[in-house]
Amino acid sequence: MIQTLALIVSSTLVYSGPLIFTALGGVFSERSGIVNVGLEGIMVMGAFGSVIFNLFTADTFGAWTPWLGLLIGGLVGILFSLVHAVATVHLRADHIISGTVLNLVAPSLGVFLTRELFAGKGQTDMIAESFGYANIPLLSQIPVIGNIFFKSTSLPAYVGILSAFVVAFIIYRTAFGLRLRSVGEHPQAADTLGINVYLMRYIGVLLSGFFGGVGGAVLAQSISLNFSVSTIAGQGFMAMAAMIFGKWNPVGAMGAALFFGFAQSLAVVGSQIPLISSIPSVYLQIAPYIITIIVLVSFVGRSQGPAANGTTYVKSK
Amino acid sequence: MTQSKWQSLLVPVLSVIVGLLFGAVIMLLFGYNPVDGYQALLEGALGTPFNIGQTLRAATPLIFTGLGFAVAYTAGFFNIGLAGQALFGWLVSVWVGLAMLDSPKWLVLPLAILAGALAGALWAAIPGILKAYFDTSEVIVTIMLNYVAVYIADYLIRNVLTDRADATPFVGANASLRTEWLTELTNGSTMHAGFFLALLFAVIAYIFINRTTFGFELKAVGLNKDAAEYAGMNVKRNIIIAMVISGALAGLGGVMNGLGEFQNIFLTNGVAPAIGFNGMAVALLGLLNPFGVVLAAILFGGLMTGGNIMPLTAGIPSEIVDIVIAAIIFFVGANYIITFFLNRRKVRSAVDNEDVIQQGGQEG
C-alpha cells in the first residue's frame, strides 16, 4: 500500500515539475496583460537548450549538469520569448497569433539546429546526467510520510512547489508585483501613476520565458532524456490550462499542475496499480484532457483573468 | 477607402517577401546559399507537371481547414481544434470507405465525404456549446480536444479498424477521390478531384459570409457580442452554428487526406495532422477572405512540396521552410510594423499624426 502510494506520488511529481514551472511563467506574462499561448514553444526551446548543454558539459559538471541545464533552458526561454514580447508590446500583434508563431517555429527551429550540431540527425543522443530520483535529507527519515513523499522522489518538482510560494510573495507582497498586476488590470491608470507599462510587460513576458524554459528543461532532463520534435508534445498547453484553472494565482496554478501531473502519471504507472490496471489505457490517456475541460466548465466557469489581458496598450501623446 | 483596401492586400504580400528574406538570412548564417535554396524550392514546387500536381494536392486540405478557421473567426471564435476535427473527418471517411468496399462509387464516395464532414462538425460542436453556454475559453478546450482526438483515433485504428496494425488497409477505388485524368495530366502525382471541391467550397463560403443574412449575423457576433445580442440576434446559437460549419470544413480537410492523398489512415504518434495549424496560418495569411485562403493555401502547398525536395537537391534541411512559414505568419500578425511604414510615407506631409495611432491600435 505504502509502496503504491509512493509510486503514485513520485510519478505525479515527475510529471508535475515541468507543468509547475511553466504555469508560473504563464502567471507572470498574463498578470502583465500579455496572453501567452506560446508556452509550448518556449518549453521546446528550453528543452533543446538544456539537452545540448547537458550533452556537451556533462563531463565537466558531473551531477550538477542538469541543474545548470535548468538555468541554460531558462536563458534560452528568455531569448525566445523576446520575440513574443516585441511582437505584442511594440508591434501590436495579436497575442494569440504571436504565441502560435512561437509554437510553430520552436520544433522546426530545434530540429534544424539539432541537424546542424549532430551531422544531420533529427534528434539528439541520450543525456548522461539526468535528474533521476533523490531523497530529501531529514524529511525522508520521517516514518511512513517520509517513505511516501520524500524518498526517491523528484527534486525539481519540490523546487517548483517552493518557487510557487516565492512567486506568490513577489506578485502579492512586493512593489514590483503590484506594478505588474496594475499593468495587467488597467494599463492607462498604471501609466498615469508613472509606471512604465511597456517595461513591465516586457519583464512579464521574459519571466514567462525563463520559467517556461526551465519547465522544458525539467521535462527534457527528467522524462524524455533527449531532444526530438516530440519531446514536449502538449505540456505547454497543459501548463496554460493549469494557470487558468489556478485562476492566475501562482499557488493555485501550482496546485492545478500537481493535479494534472497526477492525471498524466496515471496513464503511465496505471498498469502497476491494482484496480487501475484493468482500465483500458485509452481512457487513462485522454483523462487529463477531459478532466481539464470538465474542470474549466464546472469550477472556473466565467473565469476572470486580468482585466486588460490580451489587449495592446498604446501610449498616447 | 480603396486606399486602405489596397493597403490591406499589401500586408500579406509584404509578409511573404519579408518571411522569405528572413529565411534567406538564416540560410546565409548557417552557410547555405539562399539562391540555391530558393531555386530548389521553386523547382520542387512548380518545376514539373508532377510537382505542380503535388503542390495543388498539398494545398487542397489547407483550403478546407483555412476556410474552417475563417468561418469560426468571423464569429469571433479562435478554432485551434482544426487538427482534431480534421483527424476525425479523416478517420471516419476512411472507415466508411472500408465498410462499404462492395458498394457503387456514386453511393460510397458522397457518403464517406459527408460522414467525414459530420464527424468534424460534431467534434467542433463541443467547444462551441461550452463557449456559448459556459463561456469556457475555446482556446484551451479546442487544444485539449486535439489530444483527445489523437488518442481516440490511435485506439480505434489499432483496436477497431485493424487487428493491432499501425495503419488501415487502403480504401477501394469506389471511395477514392483520385481520378485518372488528373493523375495522367500531372505525370502520376497524387493530385485528386478534391481540389475542385475545395474551390467550390471557397466560393460557397464567400457567398455565405458576404452575401447572406446569416453571414452578416456571424460578423456582427464576432465584432461585438453584446451589441449583436442587443440587436436581437441569438448569439449562443450563432456561435454554435459557426463552430459546426467550421468543424465540418476542417473535417472535409481530413477527408482530403483520407480519400485523396493517403487513401488510408495511420497512427498519429501523438501529433494531430499538420493541416490543422497550417490551415490556421493559411487563413491568417489569406486575411480570412475565402479567395485569399485559396491563394495562401496554394502558396503553402508550394512551400511544403518544394521544401521536401530542398534537402535532396540543395542539401538544405526542410525545417527552413517551416521557419519561413512561421516568419510569414509573424509578420501578418504583427502587421502594424508594415502598416506603420506604409502610413508614414503617406502621412509624412499630412498634419494629423493621431491617425497613425488610431489605425494601428485597432486590436482590443
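Cβ coordinates come from backbone N, Cα and C, glycine included.
Listed in TrEMBL for this protein:
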type     : residues  : note
TRANSMEM : A:7-28    : transmembrane segment
TRANSMEM : A:34-56   : transmembrane segment
TRANSMEM : A:68-90   : transmembrane segment
TRANSMEM : A:96-118  : transmembrane segment
TRANSMEM : A:130-150 : transmembrane segment
TRANSMEM : A:156-178 : transmembrane segment
TRANSMEM : A:199-219 : transmembrane segment
TRANSMEM : A:225-245 : transmembrane segment
TRANSMEM : A:257-276 : transmembrane segment
TRANSMEM : A:282-301 : transmembrane segment
Cβ pairs under 8 Å between the transmembrane segment (A:156-178) and the transmembrane segment (A:7-28), at least three: yes
Intrachain neighbours beyond the transmembrane segment (A:282-301), with Cβ under 8 angstroms and 6 or more residues off its ends: 238, 241, 244-245, 247, 256, 259-260, 263-264, 266-267, 270, 276
Distant-in-sequence neighbours of the transmembrane segment (A:96-118), which means Cβ under 8 A and at least six residues beyond its ends: 35-42, 44-45, 47-48, 52, 80-81, 83-84, 87-88, 124-125, 227-229, 232, 236, 310
Which of A:7-28, A:68-90, A:225-245 contacts the transmembrane segment (A:257-276) most, counting Cβ pairs under 8 Å: A:7-28
Selection from A:7-28, A:34-56, A:68-90, A:199-219, the stretch that has most Cβ pairs under 8 A to the transmembrane segment (A:225-245): A:34-56
Listed stretch, out of A:68-90, A:130-150, A:199-219, that has the most CB pairs under 8 angstroms to the transmembrane segment (A:7-28): A:199-219
Stretch with greatest number of CB pairs under 8 Å, the transmembrane segment (A:68-90) reference, A:34-56, A:130-150, A:199-219 candidates: A:199-219
Same-chain residues at least 6 beyond the ends of the transmembrane segment (A:130-150) whose Cβ lies under 8 Å from its Cβ atoms: 2, 5-6, 9-10, 66, 156, 158, 218, 221-222, 225
